[in-house]
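Trainee: Pulled these from TrEMBL:
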type	residues	note
BINDING	Asp34, Glu35, Asp142	divalent metal cation binding site
DOMAIN	28-251	domain 'RNase H type-2'
Amino acid sequence: MDLSDFERDNTGSCRLSSPVPEVCRAEDCCLGIDEAGRGPVLGPMVYGICFCPLSRLGDLEALKVADSKTLSEAERERLFGKLEQARDFVGWALDILSPNLISTSMQRRAKYNLNSLSHDTAMALVQLALDQGVRVTQVFVDTVGPADKYQQKLKERFPEVEVTVRPKADSLFPVVSAASICAKVARDHAVKRWKFLEDLKDLKMDYGSGYPNDPKTKEWLSQCLDPVFGFPQFVRFSWSTAQLILDGRAVPVRWEDSEEGAGGSPAAGRGSGTPSLLSYFARTQAATERQSHRFFHERGLETVADL
């Protein structure tokens, strides 16, 4: 699996896909959706789809695909290899969402939680398959949130498609199991080959499972924290585990009001001759164009003139 595009820039998202088998454009197909890495505080989340003709479901089952969580890494790699060898009737596509993208999306001013991000990513992959000419007539999904609401949402978006949303769909429907394997293999590769842009000095990469309740993961988060700039981009800083460590160990930031109080006195805590922190971000008439530091670009931060 070639993740070179994501390795070059692991701050956003990356889409990978296999060639579409011609039979999938000629015959009715089923499509499965699953994800890998939804819960961890470390690393990307990967959404995957897999599709094949209804007439070849028996051949897909014969590959012995199963829920990726029940398989070892070696077994997942072996089964992904089998899916690649079955390109004459099996296709797949993946969206890799970086920790940075996940956290900045969740911390928008307008509410946008992980469920919404997951739903939008899954629907975008279904639309990709349709746009590529795949004759999708059935979709099977491992639920995110209440199954009935998610199913209704998908039916409204794709009214011509029969949609089935079930808990544990990755262990019930082989086409979802196949999607699960593709997503998990991609996440495994992305985590193993992660390129840290930050200087972590001699910090060991022994961070445990990556899940928030793992003591080893918590300890690693504490060790990799920079008191000013926070965590490396491998960390989902919007997770409560990371937020608690930031609150307790990072340098506090105080955003003062740039406006004077109603009585004309300067904002509390600031002398009359001291400019507000916000004044340093205001545009001046003589301002020249210059590129923002990548720290601000990757987090979607922009200079504003007015609040």
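Here the Cβ of each residue, glycine as well, is placed from N, Cα and C on the backbone.
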Trainee: Only counting partners 6 or more residues apart, tell me which same-chain residues put their Cβ under 8 Å from the Cβ of Glu35 (divalent metal cation binding site).
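Mentor: In sequence order, Met45, Val46, Tyr47, Gly48, Ser118, Ala122, Asp142, Val144, Ala183 meet the Cβ cut-off.
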Trainee: Can you list the residues of the same chain, besides Asp34, Glu35, Asp142, whose Cβ falls within 8 Å of the divalent metal cation site's Cβ centroid?
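Mentor: Once Asp34, Glu35, Asp142 are set aside, the remaining close residues are Ile33, Ala36, Tyr47, Gly48, Val141, Val144, Ala169, Asp170, Val176, Ala179, Ser180, Ala183.
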Trainee: Near Asp34 (divalent metal cation binding site), which residues of its chain come within a Cβ-Cβ distance under 8 Å, counting only those 6 or more away in sequence?
Mentor: Tyr47, Gly48, Ser68, Val141, Asp142, Ala169, Asp170, Val176, Ser177, Ala179, Ser180, Ala183
Trainee: Just how many other Cβ atoms lie inside 10 Å of the Cβ on Asp142 (divalent metal cation binding site)?
Mentor: 25
